Amino acid sequence: MGSIEEKVDLESDEEIPFNATQPTNKRQSFNFEANHAISPSKVSSLSVLRKMHQISLLRSIYIVLIKAKINVLLPFGPLAIMLHYLSRKHGFVFFFSLVGITPLAERLGYVTEQLAFYTGSTVGGLLNATFGNATEMIISIYALKNGMIRVVQQSLLGSILSNMLLVLGCAFFCGGVVHNQKVQDFNKAAALVNSGLLLMAVMGLLFPAVLHFTHTEVHKGKSELALSRFSSCIMLIAYASYLFFQLKIQPNLYSSLDEPRENNEEDSDEDEAPEITQWEAIGWLAMLTLWISVLSGYLVDAIEGASDAMNMPVAFISVILLPIVGNAAEHASAIMFAMKDKLDITLGVAIGSSTQISMFVIPFCVIVGWIMGKPMDLNFQLFETATLFITVLVVAFMLQEGKSNYFKGLMLILCYLIVAASFFVHIDQSNDDD
């Protein structure tokens, strides 16, 4: 009996550590199972969120890239790139790039309109002008790097002329035809401020040209360049001050007309709700602008070949045809906003884009050329500077009333045709600078 009891005691003593740890292991296993008992709901909620994000992304892709009928032209962009590397037929590359940019421009205007629901008309117009002018800035830096200073000057000048006459004219005309039963109003104060900035830009371009052609420079060839760089710094400071004044100091001065109009039109809820989210709109803006910039690069490379193929001067292509393509985004969105009776955004796109090019992009290119060691200046030659001066005066007179109609738009379009014909018969005296 004693031996049996000792064996039991020994067995019990040997089993004490095992029995002591077993409840803890059970407790741990219970906690582990309890934690995993909660995880299926978490996993299901995460999967639901992932599916919602996927559905939202697919819906956004459908709305932006598939829904509109004009998107059938999207394949022309990749086709232009293929032709550039396979056939080297610059005329076809130029044409297909032009056609491929058209739907991208229309979609860029649509996405900007969606973003304007979240930011307001002022910031929406500013964003559209900025994304639209990114193409010109990329092309200009690319041309500056290759020493094509005259092409930079002519394309930027053509962008200003196209925005002020063709884009604004088409917007006023289409808006007046759609709303022919009433006179469309816009914020006169904002238009006058932009007109003043454009006149300041004309002054910045005029003095270097006059200094050059009157031969009154202190140091021949150097004073003109030094004046251009100094004036560019002043113009950049003025544009930064304008943005601060517009967005911070007196924002109500620029967004006082669209908001009451939208409040009065709450009964018609056709397009008053955004179809994509704010961050989706920002992402699409960036992607569309990048793709437009890529196609614009191939477009620029095909200019000289297209000039030979179409028997057309390079200056005419740089001042007239190239800016039409570069301003396709502003063109589509400005017309779209005008047809929806949102003229404040239209002016922010068309006139705001002209102001941004003249007061920011051109001085920025001068500073970039200064850094690169390229003699980029503000001497755009007398013919081009005089054309810009007359254009600014005509548009300023059109905007001073604060009202628009289809006849004003028709006059601006006809003025652009006169400018286009003038550049078609104009011989550029500075082609040897390229």
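Backbone N, Cα and C define each Cβ position, glycine as well.
What TrEMBL records for 92-247, 281-423 is domain 'Sodium/calcium exchanger membrane region'. The feature transmembrane segment is assigned by TrEMBL to 60-86, 92-111, 123-144, 156-178, 190-214, 226-245, 281-300, 312-338, 345-372, 378-399, 406-427.
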I'd like to know if the transmembrane segment (190-214) touches the transmembrane segment (60-86) in this structure, counting it as a touch only when three or more C-beta pairs sit under 8 Å and are separated by 6 or more positions. no
Comparing 190-214, 281-300, 312-338 for Cβ pairs under 8 Å with the transmembrane segment (378-399), the winner is 190-214
Does the transmembrane segment (281-300) come near the transmembrane segment (406-427), with 3+ Cβ pairs under 8 Å (pairs 6 or more apart)? no
Could you check whether the transmembrane segment (312-338) and the transmembrane segment (406-427) come into contact, where contact means at least 3 Cβ pairs under 8 Å with the two residues of each pair 6 or more apart in sequence? yes
How about the transmembrane segment (406-427) and the transmembrane segment (190-214): at least 3 CB pairs under 8 Å, pairs 6 or more apart in sequence, or not? no
Cβ-Cβ under 8 Å with the transmembrane segment (190-214): same-chain residues at least 6 beyond its ends: 164, 223-224, 227-228, 231-232, 234-235, 238-239, 242, 246, 253-254, 344, 347-348, 351-352, 354-355, 358-359, 362-363, 377-382, 385, 388-389, 392, 395-396, 399-400, 402
Within the domain 'Sodium/calcium exchanger membrane region' (281-423), count helix residues (DSSP H, G, I), strand residues (E, B) and coil residues, in that order. 120 helix, 2 strand, 21 coil
